[in-house]
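Quick look at what Swiss-Prot annotates:
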BINDING   R77, L115, E170  substrate binding site
Amino acid sequence: MYRNKEASWWPRRHPSRRRVPRGLEAWLDEPGSLTARLRRSVPGGLEVTVLVERWGRPSIDEARAVELSDGRHARIREVLLGSRDQAWIYARTIMPPEALAGDGRRLARLGRTPLGGALFRGRTVARGPLSIARLGPRDPLAARVPGGGAGCWARRSRLWYGNAGLLVTEVFLPPLLQSLED
């Protein structure tokens, strides 16, 4: 475990997992596209709401995770994924400039297209190790989530697309947990 301003991220098999709500473990461990899983689970069809899609400076922790030197900008994308009425997932993606070269150019302006749909469609994508966290009230990541993300579980991993890695962080929101209880 390492501590930083963002969150305390643990390897996915850390003992803290014993506190993960029932049913959420399968979502945290999803090895493939979370988008595909959402498409199967969200009633009425999956909707993507774009919150942010711009160039900017990732947090120090995020920059380290994608091996971006201090002060360099990356493409930052924040979206809500869920039904028309309720968000189930808040996702934040950090895309270094190298990830947007060549075939990756289309990732720079996805709009309402889910990242998973664009990445996993007929392409070879490798996922790095998954890390999990439970967001605290002072985590800047929790503050980015509309309505607040304190107490929510999150996962993050590096997705390798060609020679460059993206950092994808996904926060599991209360409506998803409610759907698991139904």
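Sequential numbering from 1, following the chain as shown.
Note: Cβ is positioned from N, Cα and C throughout, glycine not excepted.
Mapped onto three states, the DSSP output places L115 (substrate binding site) in helix. Cβ neighbours of L115 (substrate binding site) (same chain, under 8 Å, six or more residues apart in sequence): T35, R77, V79, A91, T93, L107, V168. The residues near the substrate site, meaning same-chain residues not in R77, L115, E170 whose C-beta sits within 8 angstroms of the mean position of the site's C-beta atoms, are E78, V79, A91, R92, T93, P114, G116, V168, T169, in sequence order.
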